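Notes to accompany the following structure.
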Amino acid sequence: SYISSCLLLGTVITSIFVVAYMVFPSFFDKLFLLDRKYIYIMFAYLYTQPAFQMFQAKQRIEYRYKLSAALSFIMIIVATSFSVGLVYSFNQDRLLGRIVGQYIPYVIIGIIFFICFLVKGSAFLRGSWKYALSMGIPLVFSFLGSQILLTADRVIVKQLGTGEEVAWLVLAASCTHIILIFVQTLNNAWAPWFFDKLKIENYQEIKKIFSLYMWFVVICTFCILLIGPEIVMILGGSGYRQSVYVLPANMLCGVFTALSSQFVNLETYHKKTHYSAIITLIVSVINVIGDIVGVLIFGYQAACYVTVICQILLIFIHYIATKDMEISKILSAKNVIGILLVSLGSIPISLMLYQNNWIRFFFIIVMALAVCISGIVKRREIKQYINKIKK
C-alpha cells in the first residue's frame, strides 16, 4: 500500500510538470533544447520508471540480490539490442531510434510493475504522501547539490577555458563514471544491511565491515588509476592524453561519494534528510565560487582540485552534523582521516607513475600479485564476512 501510494504521488507530480509543459511548450522547448518527441518519451519514462525502481529497491531490502541483478542484466541486454536494431532501422532519425530503443523497454516493464503494485496495494495510506514528501524533497535538493558538485568544473571551464580543456575534463568525467557506478551498486547492496544493523544497534559490526568496505573502494579506485592512461586511450584516443593529468583528482569522487553516502544513509535512517540538503547545497555554492577563482588564477586543472577540497569539506561537515547520531560508533574520525589521506596520496603517486610506463606496469604486477596472495591467504575470513553479510 505504501509503494502504490508513493507511485500515485509520483504520477501526480509528473502530471503537474506535463500540464506545465502543455501550457508553455515554447518556453520549455527553448529551455531543454530538445524536440517535443524526445520530451514526450522523457515524460513516459518518468511516469513508469519509478515502479521498476521501487521493485528493485524492494528486492534489495529483502536481500533478493540475484533476482534484482538478473532483471537489471536482462533489461540492459534488451535495451541495448533494441537500440542497435532501431538505430539501423531509423535511417532518417537514428537518434530517435537510439532513444526509443533505450527507454521504451523500461517504459513497458515499468507499466507492468505499476499495475502489479496497484493491484496488490489497492489501499491508499493517507499519511504516506506527507511522509514521502517530508523525506523526499530534501533528498531532491541533496541530489541537485551533488550534481552541481560533480559537474560545476566542466560548466565553469566551458565559460572560462577553451574547447580542448572542456573535452579533456569531459573524458576524465566519463572515466570517473566507472567508479561512480561501481560505488552506487555497492551502496545499493550495503544500505539495507546497514539499516538492519542500525535497528538492532550493532555498531561494532557496522564499524568493522564498513572499514573493510571503504578500504576496498580505495584500493579498487587506485587500481583503476594505475591503468588510467589505457582507459583514456580507449575512450578518447591520443588526442585526449591531457585528460590523464586530471584523472586522479576526478576519480577520487568515487571514494568521497562512497564515504559521504554513509552520512546520508545515517541521516535518512534518523529522518534528518534536511541535513543532507542544506550541507550539500552550501558546499556546492562554495565549489562554484572556488572553481571560478581557481580557473581564473591557475587554469582549468584547478577546478578538479577545488572539487576535491569541497568534497572533503562536505565529509567533515557531515561528520560534525551526525555526531548526535552516534557516527563515532560507526566510523571513527581517525579512520576517516586515514581514508582521506591515503586517497589524496594516490594523486601524486599516480601522476608520477604516469611518467614512466615500465615502473607503472611493474607496480600493477606487484599489486595484482599482492591482491591474489592476500585473497588466497585470507579466503576463509573473506568467505566468513560474505556469509555474515548475506545473513
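Glycine is no exception: its Cβ is also placed from the backbone N, Cα and C atoms.
Database features (TrEMBL):
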type	residues	note
TRANSMEM	7-26	transmembrane segment
TRANSMEM	38-55	transmembrane segment
TRANSMEM	67-88	transmembrane segment
TRANSMEM	100-119	transmembrane segment
TRANSMEM	131-150	transmembrane segment
TRANSMEM	166-191	transmembrane segment
TRANSMEM	212-235	transmembrane segment
TRANSMEM	247-266	transmembrane segment
TRANSMEM	278-299	transmembrane segment
TRANSMEM	305-321	transmembrane segment
TRANSMEM	333-352	transmembrane segment
TRANSMEM	358-377	transmembrane segment
The transmembrane segment (278-299) vs the transmembrane segment (38-55): 3 or more CB pairs under 8 Å: no
Beyond the flanks of the transmembrane segment (67-88) by at least 6 residues, Cβ under 8 Å: 55-56, 59-60, 94, 96-98, 100-106, 109
Top Cβ-contact partner of the transmembrane segment (100-119) among 7-26, 247-266, 305-321 (pairs under 8 Å): 7-26
Considering the transmembrane segment (166-191), which listed stretch of 7-26, 38-55, 247-266, 358-377 counts the most C-beta pairs under 8 Å: 247-266
Surrounding residues of the transmembrane segment (247-266) on its own chain - C-beta under 8 Å, 6+ positions past either end: 142, 146, 150, 169, 172-173, 175-176, 179-180, 182-184, 186-187, 191, 194-195, 198, 210, 213-214, 217-218, 221, 224-225, 228, 231-232, 273, 276, 304-305, 307-308, 311-312, 314-315, 318-319, 321-322, 325, 327, 330-331, 336, 339, 343-344, 346-347, 350-351
